[in-house]
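The domain 'G-protein coupled receptors family 3 profile' annotation in TrEMBL covers 593-857. Residues annotated as signal peptide in TrEMBL: 1-24. If you look up TrEMBL, you'll see 593-618, 630-651, 663-687, 707-725, 752-775, 787-807, 819-842 marked as transmembrane segment.
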Amino acid sequence: MADMEKAYTLIVFFLLLRLSFILCSFPEATCFWRINHNENLESNMRKDCGFILFTIPVHLVEDHFRVLLDFPLPVNTYPYVLVMLFAIEEINKNPNLLPNSTLGFTFLGDQCDITSTDLNNLNMLSKSGEMNPNYICEYSFCDVALTGPTWTVSARVGTLLQLFKIPQVMLSVTYGPFHDSLSDRDLFPHLYQIAPKDTSLVLAMVSLMIHFLWKWVGLVILDDDQGVQFLSDMKEEVKTNEICLAFVNMIPANMQLYIERAETYYFQIMTSSANVVIIYGNVNSTLEVSFRRWEMLGIWRLWITTSQWDVISRSRDFTIDSFHGTLSLSHHYQEISTFKHFIQKTNFSAYPEAVSLVRLGWIYLNCSVSVCECKTLNHCLSNTILELLPWHSFDMAMNDERYNIYNAVYAVAHAFHNMRLQQVDIKVLESWEGLIPRCMQVNDFLKNVRLINPIGDPVNINQGRNLDAMYDIFNVLNFPQGYVLKVKVGQFSPYFAHDQQLFLSEDMIEWATGSRQFSTSVCSMPCHPGFKKSHQEGKADCCFDCSRCPANEISNTTDSEECVKCPEDWYADTEQTHCLPKAVTFLAYEDPLGMALVCLALCFSVLTALVLGVFLKHRETPIVKANNRTLSYILLTALIFCFLCSLLFVGNPNTTTCILQQTTFGILFTVSVSTVLAKTLTVVLAFRITLPGRRMRGLMVSRIPKYIIPICTVVQIILYGIWLWTSPPFVDIDTHSEHGCITITCSKGSVMAFYCVLGYLGSLALVSFTVAFLARNLPDTFNEAKFLTFSMLVFCSVWITFLPVYHSSKGKVMVAVEVFSILASSMGLLGCIFIPKCYIILLRPDRNSIQKFRDKTQMNQ
């Protein structure tokens, strides 16, 4: 087993070296590794660590306070101690800061651990009196307590210092996250917070949601004053940006209450469709207990949280835990390059736990380190100073809390320095009572400290003048056996324009799914352009259905609330995302439909003219002379103009053509139908009227038809006169009939007048049809009553069919229907009345003879 463990460790080591080469190829050193190795649950919980800072008016050796590393400190407190040592030694090396003095520190409580220390019996100094010579207490005129990172412990320390009025330690600075409760000057008059206030944290988190289009997120917070304030700010910000909270888990700080509601919280997060969850609150609380339970139960979400939460993963198996892919927000600070050198030069041979390859505690790897310096594996392993890679059993990556320790030490040092500048002739105070007003003077200097630390970042201990924090965004990748890679992927700055505050390198982010494609978190899929949102009753605004925009309305953005109607002369495209200008159209000569109708009209008019020519040529034949040839000439001429009047309906209409369309059509068809009626009456009168004397009968037969045509035409003209006087036809622009087109047509003006004209024509046709039908069997050689009957039947059928078809048509098709009806009805008259006669005249001339008919009659007798 020992050989296998050793082999496994060597494999891991080589993999880490190989990975270091890959990481060093990045253009910017923004990554570091750490390995978390923990033995039990207690070591998983972070420890609060307290220090006491003081000055000594003598110059001590540079590494005097490193003896504190020899104490068996809790593993998780070593990072704080190392940062404290680094800052103390850096200040003591600076000849311009506290000259001829030494800034020192010791532990507050039991071996720096103030988490488990009984603060009511707080021992101000370390139990090790050997490392604290008497002159430390003798010459220290005011000490400052440095506590954190948990705000509750800092509050207890501040309360005790105020309550017991301990003269030597009257001031306290906390390096944990900023908490509003600690800013109460009445409760904590001498407690200060070095951490910047998270005034832009909510805005930074919401900016991430906006960038990745996360509209449906969960929120898990600790139920305390700060959590309630965070919830209030978050609700206001998400409402402004149309983001919805899928659920809000407010974890009670009381463990008993949490245990009672734990199942409810678990069910809520498991059943929610939100893939992104925000965690906000203190670690080492019921909130962390809740998260660890979810982690154990295998809940995978994309977590968005602060930097204090990126160290909670403690997985030691060979699976990737649920914290993998988390986005962590940390206060922005510059890299402290000298700190890396300090760690590499620190000898940890006195560390109480054996450092071996099997139990490597942590790695601090900066990509700028040249791995090539390690020539052989044996050399790297045998170097106890670890100049290339320091190995320990704790996480030593610089984070917010450790950076706050660094700034807090500098702030206290500057307060002491400013105090000494004004009090050069300091006399040793022999009474404890004399220390109290001296600490009040230090307090005045401390609360007004403003400085630029050695790496160029501003430090301001006065919360009233704190600047808005900038945030670095890290992608936390947890690998098996506790290996964690934390990569800087972006930055948020509230000082830039709103659309430039967030910068992200998306190609560097690896999500919880293990892919490079970002996760989605929405209650409903986005409504694409051309659709609008239809909100679901009783659900959040982010839960909706997508419905297509109504006709001629568009939406050109995602998740449109309403569709926009296109202007009258514009139309919506097929996707309903843009309005396009409508094309102007009419029944043009160039259109296939218009061209076909024009050709038919011309052909039929030419055909009618040919028939007229045939009748004129054979005007003396019996078949032409029968039934009044003059009426035949009139009818054929009227039909020619009926065919030609249809041309008025083709082309770009204007007011003149619109008026001529209806008047010529109505008058010409009135002449045609009245002529047919006259011919029909001629047949009837010739056989049915019995009056004494042939002369009287011939007179009636010859004169009555002559009056029918003008009388009927005059009546139609009167109707047209009324029509044109009241509401004449006009040019109409139709924007609705055809999609994407503006159709120019002639409006009838008065629809009632139009139907009166058609009704009058229909009445004439019906009378002609009735009379012709009654006279169809009258004995005569060339009786055309049957032909007249069929012609009127065709005429009435065409115009009866015209009405429903005309009303069901739109645009230029409606015009084409009217033209076709004119051509069809005219052709019906021509074909039924004259084509049979032309057949006899041209092809059967033998039948066009009275003598032939008489011979046939005699033979039959």
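Every residue gets a Cβ built from N, Cα and C, even glycine.
Just so you know, TrEMBL annotations never went through curation; they're auto-generated.
Since the structure is predicted, the reported quantities are computational estimates derived from the model, not experimental observations.
Within the model, the domain 'G-protein coupled receptors family 3 profile' (593-857) shows a mean pLDDT value of 83, rounded to a whole number. When Cβ-Cβ distances below 8 Å are used as the criterion, the transmembrane segment (819-842) is approached by residues 587, 597, 600-601, 604, 607-608, 611, 614-615, 618, 621, 623-624, 632, 635-636, 639, 642-643, 645-646, 649-650, 665, 669, 672, 676, 784, 787-788, 790-791, 794-795, 798-799, 801-802, 806, 848 of the same chain, each at least six residues removed from its ends. Here the transmembrane segment (707-725) has Cβ contacts under 8 Å with residues 634, 659, 662-663, 666-667, 670-671, 673-675, 677-678, 681, 749-750, 753-754, 756-757, 760-761, 764 of the same chain, all six or more residues outside its ends. Packing against the transmembrane segment (593-618) from elsewhere in the chain are residues 587, 624, 629, 632-633, 636-637, 639-640, 643-644, 646-647, 649-651, 812-813, 816, 819-820, 823, 826-827, 830, 834-835, 837-838, 841-842, 848: each is 6 or more residues past its ends and has a CB under 8 Å from a CB in it.
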